[in-house]
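TrEMBL has this to say about the protein:
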ACT_SITE  HIS421  active site
ACT_SITE  ASP473  active site
ACT_SITE  GLU482  active site
DOMAIN    32-495  domain 'Glycoside hydrolase family 9'
SIGNAL    1-29  signal peptide
Amino acid sequence: MARRPAVSPAMAAAAVAALLLAASSLVTAHDYSDALRKSILFFEGQRSGRLPPTQRLRWRQDSALHDGADAGVDLTGGYYDAGDNVKFGFPMAFTATLISWGLIDFGRTFGAQEPHARDALRWATDYLLKATSTPGTVYVQVGDASRDHSCWERPEDMDTPRTVYKVDASHPGSDVAGESAAALAAASIVFRDADPGYAARLLERAEEVFAFADAHRGAYSGSRSLRDAVCPCYCDYDGYQDELLWGAAWLHRASRRRVYRDYIKRNEVALGASQSINEFGWDNKHAGINVLISKEVLMGKDEFFQSFRSNADNFICSLLPGISGSGGHPQIQYSPGGLLFKVGNSNMQHVTSLSFLLLAYSNYLSHAGARVSCGGAASAAATPAQLRRVAKRQVDYILGDNPLRMSYMVGYGTRYPLRIHHRASSLPSVSAHPARIGCKAGATYYASPAPNPNLLVGAVVGGPSNTTDAFPDARAVFQQSEPTTYINAPLLGLLAYFSAHPDPSAAAAAAHNGGD
């Protein structure tokens, strides 16, 4: 990838200010602690399986209690990824990894919500342990996506096929297996003190799953594997190579074993560590890899990884408003109201994940007393505080500092989406309507202009998907009105941090755990 031209010190200093000034008249004080509580609560609305006595979102009930039975394995539990009733392992594993990363780096700022965040994580990792319990096999999806998407029915009623899909030696899936290994390894750090036995089990399984992913290389959406089942919903468009590096990076951080350090360095070029650096999400981990590994360099622990810090600097600079648009990364834009925007569906997934990386990297820089270089001149640099301000601006936009004065988190603020693209939320609850609602009978509720009867508190929807800051609040426009677990997952760490540090200019060191 070509290097961007050098940025003058004046441009570097003005870049962040451009975004902040764009909506200075919209800024309000936010209750980040309340938003954090609600964003965690959202995950209870996405639960599959038998719900625990501690379930707080009471309009949901047990569902999919026989998942995996046809394949002779217990695959109950886990999360529905979005507004449908399929369990997709790829985005679920990424969700778990990002919840873990937030708890690892910002756990002390979660306060009273930390146990609830761990519960949200464990609901995913308990399922991932089930999905990886058979050696040489990873169960990666439960439910026929095309049949499920042809219905509009509650998860408690669903009668579409609960087909089980797996990857194995004959049907490779290094991407979904590598992400599962990353999730298990990252979670092992979270539970290290709270439940050492569980943490050890997670790490051991992570190592086994990673070995399988590396030994049987291939994309799970490839012609040799599960293309017809997983596409177009969660195709791997960027290849499996990044997930192998990502899995190794988290295993190195969790285990400190030299074998993973050597694996990363040996495969840095072959697996494309420097590619697609302005992207991060369930499909592409390159930017996350570089930020995660850069901590080693910035903490003075491993100069071996210096190239990853250079990649991370390039990525950070691609996000800074004013620099990103003119520096060779037209994929990164900002709306008139200040929202980070990338072409495609469900834009908020980019907003939360990229903002999380900005915040994480700013904290690593703060600990090291360093800045991020955005050009050839040493003085052309952005401070950690500048990075935090950009991340906070995105969080504030989600919470209501935008031209519509609308929170994109359901249940937060006085105005928020009421007609989200979500089956369980849009159909009457079982307690309100005990009779079954069939596959096609739900169409009446889907087409209704009425607000959803069940409030999916904490759900963050896809949000504006164009540069005009427009939002229709309509179920049919799923690209904008559907929430997902991987939108909320990186938001947890952001909200926890800003609940403790609402002033982004303050030093970040006190909020960072740094104990792993």
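Here the Cβ of each residue, glycine as well, is placed from N, Cα and C on the backbone.
TrEMBL does not curate its annotations; it predicts them automatically.
Features per TrEMBL, on structure.
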residue: HIS421; record: active site; Cβ neighbours (10 Å): 24
residue: ASP473; record: active site; Cβ neighbours (10 Å): 17
residue: GLU482; record: active site; Cβ neighbours (10 Å): 22
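Geometry remark: ASP473 (active site) versus GLU482 (active site), CA distance 10 Å. Note: the CA-CA distance between HIS421 (active site) and GLU482 (active site) rounds to 5 Å. Over the domain 'Glycoside hydrolase family 9' (32-495), the average per-residue pLDDT in this prediction is 93.
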